[in-house]
Amino acid sequence: MKIYNTLSGKLEKFVPLENGKVKMYVCGITPQSEPHIGHAMSYINFDVIRRYLTYKGYRVKYIQNFTDIDDKIIAKANAQGIEPSTLAERNIGVFLDAMAALNITPADYYPRATQEVPKIIEMVSGLIEKGYAYAVGGSVYLRVQKVDGYGKLSHRTLEQMMAGARVEIDEEKEYPMDFALWKATKPGEPSWESPWGLGRPGWHIECSAMSLRYLGEQIDIHGGGQDLIFPHHENEIAQSECFSGVKPFVKYWLHNGLLKLGEEKMSKSLGNLVTIKEALSRYSADALRIFVLSSSYRNPLTYSEEALEAAEKGAERLRQTAARKDNPQFKETAVDTKAYRERFTQYMDNDFNTSAALATIFDLSRELNRIEGEAGKSTDGQKLFKELADILGLSLIVAESKTGTDVAPFIELLIELRKDLRVAKQYQLADKIRTSLDTAGILLEDSAGGTVWKVKK
């Protein structure tokens, strides 16, 4: 299997650090608002990569963080007259609902930056002790000029970075490109005690600390959008390798292309968002997956209603194949399942070529439909069809869940328990209730007014 490594700029044979195991970290959202389909694109792609690695026999440990303290979260919370933590938790709930609705496998852990401050302070202190960072005015900065190979991920020198960036003049810094590991407190902002006074973590150090805590000093795959290559991921490498002394921090860097609306990237700052909730009100989760997977994960993707309508039609064709009932009167007909499986794995082994893998599933669907039209059936072909569809995360469910109303009191009790756990900041247990209910076909939806549940379709 070969994957494209942003660090080397070429396809490389995939050999994990430890035989049979894969440690995978994917940058999560900053929960300042509802998730949009740009997020769906990213997490669908990494979900499929994770599913395929699992299919190949690897034991994948998958971590995805929440940057739940940030300048934008603080500004939005202040504008709404609520605590930043309240805003972040509300949007985290909406995000997890959206991921469940998209049939995205839950992460093994969803660490929150605000819950990892002790580890962050430990890393910042260690970087100061080693001479890579300095404290001034209650803030702490990393000395990028001391970092060996700084710029190796984005393939740029410090001079090129300076020329291509709007560098704010800050008299505190020793060098303009030095970046904050710890920010001194400001009036009205959340803050934590530290050796440098009250303050809060810088963005980049949060992911370094969380990946170190949950995955160790080295990881196999680090994923994220191409807009995170610089400065975020470049700075993660600098911090992590300087702190641990172990190289490489990440063996394979994978970056997905960005979703566009017309000629512009879809983003909060541009205000051209289509939320996942809006998209799912018009199209099925399978249609969104087909839309995303019809292109390489590294390519940009342009959102259009026409493309999604075509994806929905494709999803419906696949659903009809998946829903086919066995007819004992039909003659068993051979399908070359080995050839289909080999095609599928050959494509996926080539940097997760989901477009060609998806085409293989459609070809198999057409053959199964042709066989049925000739009063035949293929038990093995039907089984392989569902297996390959599952690797791409396609549920292809036609019928509604038959969950009855008699379970309502039990579900309401679990919702109350989850609420109490969140108040007690037992977020991992609260998330486990959500994901367990999702597995059982119950979707939770959080809002300012509370939590409601519904049966997934």
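Note that Cβ sites are derived from N, Cα and C of the backbone, with glycine treated the same way.
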### Task
Using Swiss-Prot as the reference, determine which range in 29-39, 150-160, 194-204, 370-380 is annotated motif ''HIGH' region'.
29-39
### Query
Pick from 5-9, 110-114, 145-149, 265-269: which range has motif ''KMSKS' region' per Swiss-Prot?
265-269
### Message
Taking 8 Å from the centroid of the Cβ atoms of Cys27, Cys207, His232, Glu236 as the cut-off, which other residues in that chain fall inside it around the Zn(2+) site?
### Response
Trp203, His204, Glu206, Ser208, His222, Gly224, Leu228, His233, Asn235
### Task
Summarise the model's confidence over the motif ''HIGH' region' (29-39) as a mean pLDDT value.
95
### Message
Taking the Cβ of each of the binding-site residues and counting other Cβ atoms inside 10 Å, which one has the highest number: Cys27, Cys207?
### Response
Cys207
### Task
Find, for the listed binding-site residues His232, Glu236, the residue with the lowest Cβ contact count at a 10 Å cut-off, counting only other Cβ atoms.
His232
### Query
Reported in the order helix, strand, coil, what are the DSSP residue counts of the motif ''HIGH' region' (29-39)?
3 helix, 1 strand, 7 coil
